[in-house]
Amino acid sequence: MSATKLTRREQRAQAQHFIDTLEGSAFPNSKRIYITGTHPGVRVPMREIQLSPTLIGGSKEQPQYEENEAIPVYDTSGPYGDPQIAINVQQGLAKLRQPWIDARGDTEELTVRSSDYTKARLADDGLDELRFSGVLTPKRAKAGHRVTQLHYARKGIITPEMEFIAIRENMGRERIRSEVLRHQHPGMSFGARLPENITAEFVRDEVAAGRAIIPANINHPESEPMIIGRNFLVKVNANIGNSAVTSSIEEEVEKLVWSTRWGADTVMDLSTGRYIHETREWILRNSPVPIGTVPIYQALEKVNGIAEDLTWEVFRDTLLEQAEQGVDYFTIHAGVLLRYVPMTAKRLTGIVSRGGSIMAKWCLSHHQENFLYQHFREICEICAAYDVSLSLGDGLRPGSIQDANDEAQFAELHTLGELTKIAWEYDVQVMIEGPGHVPMQMIRRNMTEELEHCHEAPFYTLGPLTTDIAPGYDHFTSGIGAAMIGWFGCAMLCYVTPKEHLGLPNKEDVKQGLITYKIAAHAADLAKGHPGAQIRDNAMSKARFEFRWEDQFNLALDPFTARAYHDETLPQESGKVAHFCSMCGPKFCSMKISQEVRDYAAAQTIEVGMADMSENFRARGGEIYLRKEEA
């Protein structure tokens, strides 16, 4: 926690300074590399961690070293992770995917925006100072066309996005030659298909089957292609967004960039305060990762926060507004049906989902079926025209472990499975949202139910939190559940920050949540046996055993914290080469003792071997040369 709390003015000024001085930057002793594909423009970024050599012998004057291979790792930071790229937030990022989108020839530019709300915002001169300065003319599918990655996959087309993803998911592990680094324990994948090498055809096949999605709105060409599916690396989502009482456009852009730096695979903008439209435009134009939203939040703002006043027309206009800005996936709470609401009456914590409670209130006040459910096919038509993926929301998720796995939760899940099939009729990509608060022994059932009733569509969960007693530490309570459900097959984990249940997260909270969830996702990849997942662990263990402190810091998920903790007790430079740390000191370091035992054993082996040879020499008569038949 910070020693002094900044005022709102200071927070905004700090965020503005961050944006004004933003430059591409790499982590310590890392460099950005690119691996090219066969499609034009496919140039996949990765971070390569440079390592120091290992001392293997020689003398103090002439030491002998063995080189250690650089370790390539998945990188979500986009242009912000490349020191060679000039960053200008006012202009936005380069439109990486635009040539691919245009080459397909199935989209057209819109001369007039489809959303009445967007038209009104653009006509309001009072918003000029807040508006993103760059111009992006939105596109939509030509009449009679669908422009989704699912549509292309079903037609047997391998898109540049699919090739980009295949290269990215392999994480450059073909560059690693060391058998020590390539060693990996067998995983337990619970039925997942994990090929030794991920090909573009495998990506296409998984998307075509609905087991994976590529969130990639045609109006968000700045995004770098990524995939969400249980047969790929487990992904992590970060939530950002302003509220009625805190945060600004500058702060949200800062949080976006910060999130991608610390490993967010996607970011959800959950803004509920002022200038939602303008904030989202700044975020999208500067985001290298897919952006998701919950459209019902903004729709509610348009009717002054009165749930009963929501209409399909207002919601539809909001979908068009956001789709034409470039939102990559919508959370839609279409499974909160009128008949399910009474099932929550006996719950300890009722309906805790904001979107779920909004729709439940609307259903009860009108005594009508959820209009999102009633108009679901129209929602799919909109999504198919822009390639917006659907994240079917779990509006009836449990908000306490007492309410876990109850009738309401699974009734909604079964309905989401029915809606998945409808979305697939329109070639719309779908993932399913899950809980929530679930004790450890009840977590796996959530995964098996989802796979069975939602036809193996990717699962996307908030945690789940495994206990309710730790406000302020819910990134820990949920990280436990996230690691478990990721192992069981969950495709993406929505992070939880230390502020969960307490307040809106700040920049440091975002980092803490992401680091916790990157650990959970990586632990799940190891447990599943994802090919190459153990390389970084092996490199870290080797560096640790060899007391290569700088390499240990640089291989860490958070090099800065690792270095800071070490330097609290051994700040001098000599501490970076010492064969011990402050935990045990020089006399009790287990790894130093292990090295001494190993050296002693090797020396003993040599000594015993020499004694054996001496005895053999004497037994043969002590002759230096033997006749050939005696040798």
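Easy rule for this one: first residue shown is 1, then count along the chain.
The backbone N, Cα and C atoms fix where each Cβ goes, glycine too.
Summary of the site annotation: Swiss-Prot records substrate binding at ASN239, TYR297, HIS333, SER353, ARG354, GLY355, ASP394, GLY395, LEU396, ARG397, GLU433, TYR460. Screening the candidates MET188, MET268, MET484 against this entry identifies MET268 as the one listed for that site.
The shortest Cα-Cα distance between TYR460 (substrate binding site) and any of the binding-site residues HIS437, HIS501, CYS589 is the one to HIS437. Residues ASN239, MET268, TYR297, HIS333, SER353, ARG354, GLY355, ASP394, GLY395, LEU396, ARG397, GLU433, TYR460, recorded as contacting substrate, have a largest CA-CA distance of 20 Å. Using CA atoms as reference points, the binding-site residues HIS437, HIS501, CYS589 were checked against TYR297 (substrate binding site), and the closest is HIS501.
When the binding-site residues HIS437, HIS501, CYS589 are ranked by how far their Cα is from the Cα of ARG397 (substrate binding site), HIS437 comes first.
Note: the Cα of HIS437 (Zn(2+) binding site) and the Cα of GLY395 (substrate binding site) are spaced 13 Å from each other.
For HIS501 (Zn(2+) binding site), the same-chain residues 6+ apart in sequence whose C-beta sits under 8 angstroms from its C-beta are PRO471, ASP474.
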